[in-house]
């Protein structure tokens with residue numbers, strides 16, 4: 001063999017990926033072949049895997065969290081498809097709700113248009129058009145990420161079919177009697193003028209006014225309590241006018257103390273919990289006091305107080321009520337209760353027959369029910385209330401506190417609890433809470449900690465408020481009799497409404513006569529037509545009903561729901577309640593939740609901080625496959641960090657993977673030969689090739705186990721290590737000589753070519769769900785018959801590939817090789833030799849290692865010109881590296897004293 005006849009690698013697969021330009025070409029190819037349609041045909045009739053898409057909101061460009069979510073879904077869908085399942089993916093969008101209303105209102109303000117002068121149906125039409133526009137934008141952005149789905153047949157919560165089914169689902173709750181009208185405190189946004197769900201709330205630090213306020217004892221069974229002030233502490237002074245009761249804990253110890261010279265409270269007696277006395281003394285700067293009496297909380301029974309504003313028109317009794325929620329964590333051990341402004345307060349007062357009244361209107365202003373304060377906005381009321389308390393000599397102390405406080409995640413405005421008439425689904429009346437908790441026990445969670453998180457929420461959540469006081473949403477399909485106040489429950493009316501919505505949408509609820517919906521059986525003048533809309537979480541909670549159950553290509557329940565960890569209180573939660581309430585079980589078999597995307601330091605991304613990275617910017621700089629590597633390599637169970645230094649590391653890993661493929665393709669000259677694994681006589685292969693096939697078999701088992709547990713970051717890590725350690729640093733390094741310098745007909749080279757073909761097919765399939773574009777690029781080079789790598793199935797390997805004894809042997813041989821390489825590198829560092837081929841090895845091994853090293857050519861596996869192996873009497877491996885003597889072969893560069901046998905022609 002002459003130097004000119006060296007088998008140099010040759011491939012059209014370039015070293016430079018150029019993903020930014022290559023990926024759009026592949027997208028066009030997928031569009032041309034209609035990849036999604038081909039996927040459905042290829043696995044038609046097989047077991048289904050249904051990942052039901054949680055609908056993103058149709059508003060604004062996608063962000064890193066959305067990209068993470070969609071890529072993770074796509075990886076899983078593709079894994080199951082290549083595992084032989086019919087893995088259907090139908091993308092969807094959440095379309096109703098406040099954010100879109102706000103956008104349209106902003107446009108109105110810009111154009112000096114008055115929303116109140118615009119017909120509701122026209123406003124809703126503009127909302128619909130806005131959502132439709134962003135759905136199309138999102139489609140393009142998701143496709144660019146490499147996400148494959150039924151884009152032409154997506155679902156949307158604003159579709160007529162969806163709105164009709166939402167009506168039918170509400171009808172089921174109505175029929176069983178668990179949907180009711182109630183007057184309860186709900187989280188309310190005075191900016192958005194509507195109730196909010198827990199999932200629409202975020203907690204931020206907020207500075208609140210604090211007060212220690214006196215409620216004079218009016219009647220008591222404890223003599224020492226006469227002429228005493230009960231002290232409460234609150235961070236919401238504006239709720240004092242709405243106070244109806246005080247709460248204590250019967251198990252706590254309380255103290256009556258007499259103050260010294262303390263201004264308005266000079267020589268007055270006050271009562272606080274013993275455990276909190278020290279903090280009260282400190283906060284209120286009390287200089288002197290004496291203890292009068294200690295007693296148990298249970299002795300408060302039948303005690304009545306007066307309102308601090310008794311002289312200002314608040315001349316009603318304030319009873320003291322026993323409550324377990326009173327603790328000694330903060331305050332005075334006595335809690336002021338305003339039933340219109342807190343769930344605990346409301347429930348306690350309800351228990352004792354004290355009704356909540358409307359004290360604050362939708363704008364956040366006091367109503368006429370509160371003398372003195374009517375018309376004042378509650379967020380401006382604190383100074384006024386504090387001043388009035390001072391005037392009445394009922395203010396012991398006031399201050400400020402920075403604490404975590406609920407805000408609207410949309411407007412960022414602080415929220416309040418406000419009692420309003422709303423529509424609720426009961427958690428208790430038909431056992432919804434129990435059904436939901438049972439369903440969670442039957443659901444798989446990835447990671448498992450998600451189960452306890454959502455369980456804790458279900459265990460403590462109040463009844464589900466499903467009404468909103470807005471216009472862009474599905475109208476509540478409810479009529480209430482004007483005289484009897486009874487809710488109309490009639491399946492025929494409900495189905496009539498649903499049928500109308502199915503044909504023309506729900507706008508007609510706002511424009512058409514009630515008689516059209518009631519039919520001939522009832523008179524419209526007898527009924528109030530409810531004008532509230534359904535909260536958006538009920539909308540999306542019904543997707544299982546109008547997507548999974550209605551489409552022939554899907555099935556109910558879904559195999560998996562996959563969203564961010566915030567959806568334990570959002571979509572996972574609402575879907576669970578809706579499905580358990582109507583079908584008795586969860587609409588999913590498993591839940592996978594992922595963390596949030598944060599910057600490289602672990603901080604929340606914020607435009608004001610300047611640490612936001614947009615998917616679009618990453619695609620322009622790196623391409624989608626680098627972003628997909630970031631998703632696959634990250635532990636989604638935690639928050640996921642990203643910045644350009646992290647992406648650069650992934651780009652470097654990608655280059656290593658790409659070079660691995662390039663080496664395989666180059667040595668095969670892009671002439672891939674599919675190997676029949678079952679008929680392959682593995683015993684005829686050299687030991688090194690047999691070992692590599694064992695590694696392929698072993699890696700495939702690990703791959704399947706990681707895949708089944710959705711442990712992608714360890715799966716990716718193992719694939720990357722196989723490329724860099726097993727292949728590039730080991731097998732490729734050793735076999736480069738045979739592949740380049742052996743004749744094409746040599747058994748050793750032909751055996752290696754067989755293994756390279758198997759490794760190439762294995763790797764391109766293992767990586768396909770992750771590197772969707774790059775593997776497609778490779779597949780077009782090696783397979784002219786099939787249309788796409790994504791239509792392929794994972795390989796199945798014969799058990800003959802598995803050889804544990806050989807594996808154990810090569811573990812030891814690789815250890816010897818590593819020690820030899822250290823010795824060679826030392827000689828190279830001292831300039832005694834150049835390349836390893838200028839070295840000869842003398843290897844001394846103990847008896848057991850010497851035995852397994854028989855018939856092993858260490859010059860081959862250590863890439864030296866020669867190697868001698870001796871048995872020694874010591875357990876230590878002793879390596880001596882000397883400079884090889886002889887002539888250098890111009891082809892293989894090995895140095896021998898005799899002519900190179902391979903290249904002597």
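Sequential numbering from 1, following the chain as shown.
Backbone N, Cα and C atoms are what each Cβ position is placed from, and that goes for glycine too.
Cβ neighbours of residue 563 (L-isoleucyl-5'-AMP binding site) (same chain, under 8 Å, six or more residues apart in sequence): 54, 69, 570, 571, 572, 593, 594. Here Swiss-Prot flags 563 as L-isoleucyl-5'-AMP binding site.
Feature annotation from Swiss-Prot assigns ATP binding site to 607; the stated evidence is sequence analysis. Take the CB of residue 607 (ATP binding site) and look out to 10 A: across all protein chains shown you find 7 other CB atoms.
Per Swiss-Prot, motif ''HIGH' region' is recorded for 56-66. According to DSSP, the secondary structure content of the motif ''HIGH' region' (56-66) in residues is 3 helix, 1 strand, 7 coil.
If one looks beyond the motif ''KMSKS' region' (604-608) by at least 6 residues along the same chain, the residues whose Cβ comes under 8 Å of a Cβ in the stretch are 64, 596-598. The motif ''KMSKS' region' annotation in Swiss-Prot covers 604-608.
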In the three-state scheme derived from DSSP, which category covers residue 563 (L-isoleucyl-5'-AMP binding site)?
strand
According to DSSP, does residue 607 (ATP binding site) sit in a helix, a strand, or coil?
coil
